[in-house]
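What Swiss-Prot says about this protein:
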type: TRANSIT; residues: 1-38; note: transit peptide
type: BINDING; residues: Gly75, Lys76, Gly77, Gly78, Val79, Gly80, Lys81, Ser82; note: ATP binding site
Amino acid sequence: MGIWQRLLLFGGVSLRAGGGATAPLGGSRAMVCGRQLSGAGSETLKQRRTQIMSRGLPKQKPIEGVKQVIVVASGKGGVGKSTTAVNLALALAANDSSKAIGLLDVDVYGPSVPKMMNLKGNPELSQSNLMRPLLNYGIACMSMGFLVEESEPVVWRGLMVMSAIEKLLRQVDWGQLDYLVVDMPPGTGDVQLSVSQNIPITGAVIVSTPQDIALMDAHKGAEMFRRVHVPVLGLVQNMSVFQCPKCKHKTHIFGADGARKLAQTLGLEVLGDIPLHLNIREASDTGQPIVFSQPESDEAKAYLRIAVEVVRRLPSPSE
């Protein structure tokens, strides 16, 4: 898929050598990146916003071929959400080889799945003009990172991001999947609301570290999903403990059992604890997630147990 195909597909932004960015808005080209829209572009944007608001909430429509959707979310960045999403997808496949698993990265501004899953290149288009996911380790993957250069920033306004999310949700040929794991961006913004309102989500997994500042945002994330009627399956307490590789002494660097206390407050359960371990970081950075590269390690087994707990809380696909 060439750059012009990608720009047309997403209505996105093309960066100029001078640092500006152009974006198609209703047939006009408007300068973004800190500059004011022209009069015509601004008026077009207002009309578009009015049209969207007049429709009310979108009607949920299942993703074709996908039985169940599991979103992995966090209230803030840097808590290991993407690492959890990638290893959860691999753990679901490892626990039951008969299941077909997909992984969708909807973090438009900071996609991590291509790096963690060791995938590069652009998706091919099917005869019906749908994008085909890239495949590695038995997992079908789609990400905004496949559609832009690795070092190229995505400099888009909200409506462009929403258009991109719509394409990622509706214009991908997943085939037949038992589980689609969705790596959400951090926070409780437009993307989270758009995904929650456009597709039926089977359940949400909230990732947090034990420290208070992360738990505050995790609380907000869980409440957001409840307000949009998405079942919260439970919390994952990441970076729960650090064990010295030499003396084996354990230290709770980010605090002890903060996620369990939050889970009690919310009436939820902790799906599992993931330790702070060098192996997890190195495996992710090299594009060989620990569930795949070191399946017998204690760290991989922690993800495998979490996958079991997630499936146990999911309704039957026929329900």
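Any Cβ shown, glycine's included, is placed from N, Cα and C.
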Residue among the binding-site residues Gly75, Gly77, Gly78, Gly80 whose Cβ has the most other Cβ atoms within 10 Å: Gly75
Binding-site residues (Lys76, Lys81), the one with most neighbouring Cβ atoms at 10 Å: Lys81
For Ser82 (ATP binding site), the number of other Cβ atoms found within 10 Å of its own Cβ: 25
Where Lys76 (ATP binding site) sits in the secondary structure, as DSSP reduces it to three classes: coil
